[in-house]
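Visitor: Dropping a structure here in structure tokens format, bear with me for questions.
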């Protein structure tokens, strides 16, 4: 009695294997994942996908921006010098750089969803540990581990990209910036309340909550159908597409799903394939430069506020001139943010979404390359304008525009990178690009927090020059992905 169901089950399995490995009968209709995604269209599933995967940006922004609002406090608590404060941010991005490549490789081999879940568990665990750091050295090490976990959050963007119909990618992906903005504003707002009352350790604990909550809702988002097909798991891909069609109230394409199976996935040498070599090298330059400019703006903003370096302002009265104590002679600069500084940070952070409508129009009508070239050129210009002698309001205005431009740069390059590489190496392409991106982020603190103190115009000229190089690289990219279907393999 027990053997009959078992035999039937084995027969079904064999039939499935036969179906997946044999060509369909002549004349039978077939379809690809790309065609299925386009046929099903946009609906309820994609809204849920946008909200859940987009919210990974909230957790990532809170963990990354945390250092900007905690730096003044740890500087005072552990009597740190400029280079030591800069090293904290650098080590966060060092962890990001190392793990970004590793997690990208693993995601192409074992799945986007699994790596995304692992990265959130990792980041939440080490973030909580950071709040108990007994010393500066432990704090630096634990934040580097947090950076490693945060690097895996990019898989959320890849999952969104692989499920969205072509014509919606240029609109929905830039809108994800709203989540990063929300996380940035949330951490600044929390810092203004928590830091002066219960301290930075509790701020870190509270900042880890969104990441923990997101882990609980990941189960509602399936593994990428494109990934399943690339591994030969056609049955899982079909089940996922049927689920999406049901949620959207749409019909599946007629026929059976057929895609070429790629046995080897996530190979670094594929990025160096002649078809993608030039694209890869130029993308790496752009990612490095954009991160250098983005985090340079953020850290420069904090530095200007902390040191009150607005043109025409009085010298900061950090210590009483008559105080000849050892603390007053310390090379460590200790000046905590006040309410006005937090307000200025909020205003400049809101700038990250100011150009979003124009950025979306540029991406969809001018194309990814030209849009990125224009915003990078404008970023270079506004870095130089930051040196103009102006009022506090003028300085805030320049910072506002810079935050808007550097955010637009990130929007565009994220979309372009996710679209230009085929499914078999998309996660690796994003991972290596993200890794190079963190090299720029690692250098930025030493320019914004160390070189800027020695030569303000020198630091600004360096930021501007890098942006010009990126603008040229963007304009000369060999592939335009506007309206282009996602590729399956090389």
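One is the number of the first residue shown, and numbering goes on along the chain from there.
For all residues, glycine too, the Cβ spot is worked out from N, Cα and C.
OK, TrEMBL features for this one:
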- 47-71: transmembrane segment (TRANSMEM)
- 49-482: domain 'Major facilitator superfamily (MFS) profile' (DOMAIN)
- 83-106: transmembrane segment (TRANSMEM)
- 171-194: transmembrane segment (TRANSMEM)
- 281-300: transmembrane segment (TRANSMEM)
- 340-358: transmembrane segment (TRANSMEM)
- 454-477: transmembrane segment (TRANSMEM)
Visitor: Could you give the residue numbers and ranges of same-chain residues that sit at least 6 residues beyond the transmembrane segment (171-194) on either side and whose C-beta is under 8 angstroms from one of its C-beta atoms?
Guide: 46, 50, 54-62, 65-66, 69-70, 157, 160-161, 164, 200, 202-203, 206-207, 210, 337, 339, 342, 345-346, 349-350, 352-353, 356, 359-360, 363-364, 407, 410-412, 414-415, 418
Visitor: Using Cβ atoms and a strict cutoff of less than 8 Å, what residues sit near the transmembrane segment (340-358) while being 6 or more residues removed from its termini?
Guide: 68-69, 174-175, 177-178, 180-181, 184-185, 188-189, 191-192, 301-302, 305-306, 375, 396, 399-405, 407-408, 411
Visitor: Mind checking which residues reach the transmembrane segment (454-477)? Cβ under 8 Å, same chain, six or more beyond either end.
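Guide: Here the qualifying positions are 279, 282-283, 285-286, 289-290, 292-293, 296, 300, 309, 368-370, 372-374, 376-377, 379-381, 383-384, 386-387, 409, 416, 440, 447-448.
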Visitor: Over the domain 'Major facilitator superfamily (MFS) profile' (49-482), what does the predicted model average in pLDDT?
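Guide: Value for the domain 'Major facilitator superfamily (MFS) profile' (49-482), mean pLDDT as a whole number: 83.
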